[in-house]
Each structure stands twice: as structure tokens, then as C-alpha cells.
Amino acid sequence: MYHLSALLTQQEVRKAILSSGFLVVRSRRLLLSLEDAQKFYAEHEGKFFYSRLISYMTSGPIQVHLLARPDAILVWRRLLGPTRSYRAQFIAPHTIRGRFGVSDTRNVAHGSDSDEAARRETAIMFPNFDWDECATQKELRNKEERMNLVRRVTLGMVGLMERRVVGSCHLFPGLSYPSSRSMFIQTQDTPNPNSLKFHPGVKVLESGTLDFQSPGEAHVSPLARQLFRIDGVKAVFLGPTFVTVTKVDDEMEWSVLKPEIFATIMDFFSSGLPIVTGELPSPDTQIEGDDDETVILIKELLDTRIRPVVQEDGGDIVYRGFKNGIVKLKLQGSCVGCSSSLVTLKSGVQNMLQFYIPEVLGVEEVQDEVDNIAHKEFEKFEQKLRHEDEKT
């Protein structure tokens with residue numbers, strides 16, 4: 001996946017809309033007010049991502065389209081792909097979110113999921129829109145398009161990814177940003193051309209510094225973990241008032257990385273999460289002295305790309321070894337016994353591992369000896385209960 005600028009992303013999304021047979025009935029660019037954002041996302045109030053989502057969507061301009069075509073909602077949702085960007089990247093890579101999504105908050109676009117939602121959301125974004133009048137206007141020249149318009153309209157909202165304030169320069173001249181929701185991030189060159197300092201204008205660490213040379217070392221810092229999820233980030237260094245990011249090599253352009261780093265830092269500081277925690281690293285993915293390069297890559301990919309997606313669903317995935325090209329993994333939590341766990345392993349985890357690590361030939365679900373014993377004992381207990389039931 002290529003991380004693109006807002007302008008190119010917007011052009012590509014519009015191209016996808018038109019090539020899928022949609023008619024753009026209405027379109028506008030606006031700065032979403034806090035009140036309207038809270039109305040729009042009222043169904044998510046109380047969820048862990050709610051405040052981060054509201055903060056992000058009110059921090060800059062958005063583009064909103066009212067789209068029409070037969071089965072508009074179904075087609076638009078398929079075109080968008082899964083809500084979680086990281087999941088979309090490896091189970092639906094050709095969708096809008098699979099191609100351009102950065103995180104679950106910055107997943108490029110929104111789409112109505114029902115007729116009722118489309119009407120409610122349209123009332124917020126296009127308060128003067130008249131459904132009945134629009135169905136007879138000349139803009140819908142085709143008779144087929146004039147029929148049953150209400151049943152074939154969806155609201156598509158495209159959030160512009162590169163829409164923040166950098167230093168004193170607005171990325172979108174002429175638009176004012178709410179000062180309480182803007183963050184001025186300045187950059188500063190370092191002697192190393194592959195390292196860049198980011199000054200968010202707020203305190204990062206109370207004292208001292210923290211140096212993370214790999215994702216495996218970033219277990220104590222949620223901010224560092226988020227930054228390591230960006231393709232091309234090699235190391236993260238935290239200071240009292242700055243964050244230094246080191247990219248992998250000269251070929252990786254800062255023009256590609258900076259928008260993602262800006263957005264990640266802003267999202268993090270609006271989330272209220274601590275910069276540093278006392279969390280211990282996952283013991284299964286700790287780098288051991290005898291780990292070869294392939295195993296190290298598998299562990300880091302599990303920690304930075306795969307595990308966060310699985311954990312969002314209330315489960316976890318544990319590394320249990322790599323032998324003869326097969327990665328052995330154990331599913332935990334909500335993933336155990338889930339009907340889609342095999343799909344998660346084969347279509348998700350295996351595809352991503354093979355994409356980044358050619359040495360991986362496949363994945364295999366395993367259980368610990370304790371789990372096998374517990375499973376056998378549970379089966380014996382069930383048989384005993386069935387036997388007693390038959391007697392009665």
C-alpha cells in the first residue's frame with residue numbers, strides 16, 4: 001500500500017465513486033462543527049474511540065458526497081471495505097480503505113449502513129436537501145435514476161488525510177481551524193538526514209529520554225508503538241518536548257512519511273493515552289539471542305501489525321514457533337472457537353506474513369499441552385453428563 005497525499009487520495013476516491021456507477025447528487029466541503037460531529041457519531045458515544053474520532057473529524061475540512069445508484073448502500077459499503085484499516089489492508093486490499101487507510105480513525109471514508117442512517121446523516125450534512133424534489137430535477141435525467149431515489153441513495157463522507165496545521169502554514173489556505181482542536185507541529189532537521197525531530201508544542205516526557213530501536217522495544221510507550229506501525233519508520237526517540245523519528249533509508253521520502261507521522265502524533269495526543277506505561281513486553285515475541293533474521297521479522301510483524309487488529313476484537317494471537325516455513329500460532333480470547341478464526345489465520349495473518357517475509361510458506365494453529373489436557377478432560381466431563389442424562 002502506498003501512503004498518498006490528501007489531494008491524490010481524494011482524486012482516487014472520486015475516481016472509484018464514478019467508475020462504480022454512482023451519480024453525485026450533492027457535494028460539499030466543510031469544517032464539521034463539534035455539535036454536528038457529536039450528532040453524526042451519536043451511535044458511537046461511550047466507545048473507546050469516540051473522543052479520538054470526534055477530535056479528528058473536527059480538526060480540518062472534509063468532503064461530503066450524496067451518492068445515488070441502484071443498491072447504493074450495498075455497493076458503497078463493498079467499495080469502502082472493512083472499517084478497520086489494518087484488516088482491510090490484508091483481507092480487502094483493493095478497497096478504498098485497503099488502499100488508503102492509515103488507522104481505524106483515519107480510514108479514509110464513511111458510508112451510510114441503512115436507509116434510515118442515510119436520511120439522518122443527510123439531514124446533518126445537507127440540511128436543505130429535499131428528497132422528493134431532487135427525484136424530479138434535471139440532474140437525474142434518466143428515468144431509472146428518478147425512480148425510488150430514496151432507496152438508492154447513500155451518504156459518502158471523505159475525510160481529507162493531510163489536513164492539519166504544520167508550523168504556521170495551513171495546508172488548506174483560506175480555511176480557519178478551530179484553535180482548541182489544532183496542534184502546531186514543527187519539524188527540525190538533525191545531522192542525520194534519515195532522522196527528523198517533531199515538536200508537537202506540548203510536553204512529551206516529564207524528564208529524561210527514551211530510545212526505541214525496534215517495535216519490540218516499544219512495549220512501554222503507546223506513542224512509540226503507534227509510530228512504528230507506519231511503514232518506513234526504523235526508530236523512535238522521545239525527549240522532554242520532541243519526538244525524533246528515524247526512517248529506514250535514503251530511498252524512503254520524508255514527503256511520504258511526514259503526513260502519517262503528523263496525523264499519528266495528533267491522534268495520539270487527542271486520545272488521552274499515557275506516553276509511557278508499565279506494560280511488560282509479550283514474552284512470546286521477545287527477541288531471543290538465537291533468533292535468526294526471519295524469526296525476528298515474524299515476531300515484529302506479529303507485534304506491530306497483526307496483534308493490534310486481533311486484540312481489537314477481544315482476542316490475541318501468540319507466537320509458538322517457526323519450522324520448515326510454517327509459523328505456529330495459538331489463538332486466545334474471543335478468537336478461540338470463533339467461526340472466522342480460520343479465515344483470520346489463512347486470509348489475514350498468512351497473507352500478511354507471506355507478503356513481507358517470503359520464507360513463510362504458511363501458518364498453523366496449535367495448542368499448548370495444558371490446553372490439550374483441559375480439552376480432553378472437558379470432553380470426558382461432557383460424556384459423563386450425557387451418560388447420566390441417558391440413565392434418567
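Note: Cβ is positioned from N, Cα and C throughout, glycine not excepted.
The domain 'Nucleoside diphosphate kinase-like' feature in TrEMBL is assigned to 9-133. Per TrEMBL, domain 'Scaffold protein Nfu/NifU N-terminal' is recorded for 185-272.
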Model confidence over the domain 'Scaffold protein Nfu/NifU N-terminal' (185-272) (mean pLDDT, whole number): 85
DSSP residue counts for the domain 'Scaffold protein Nfu/NifU N-terminal' (185-272), split into helix, strand and coil: 31 helix, 24 strand, 33 coil
Helix, strand and coil totals (DSSP H, G, I; E, B; other) for the domain 'Nucleoside diphosphate kinase-like' (9-133): 64 helix, 20 strand, 41 coil
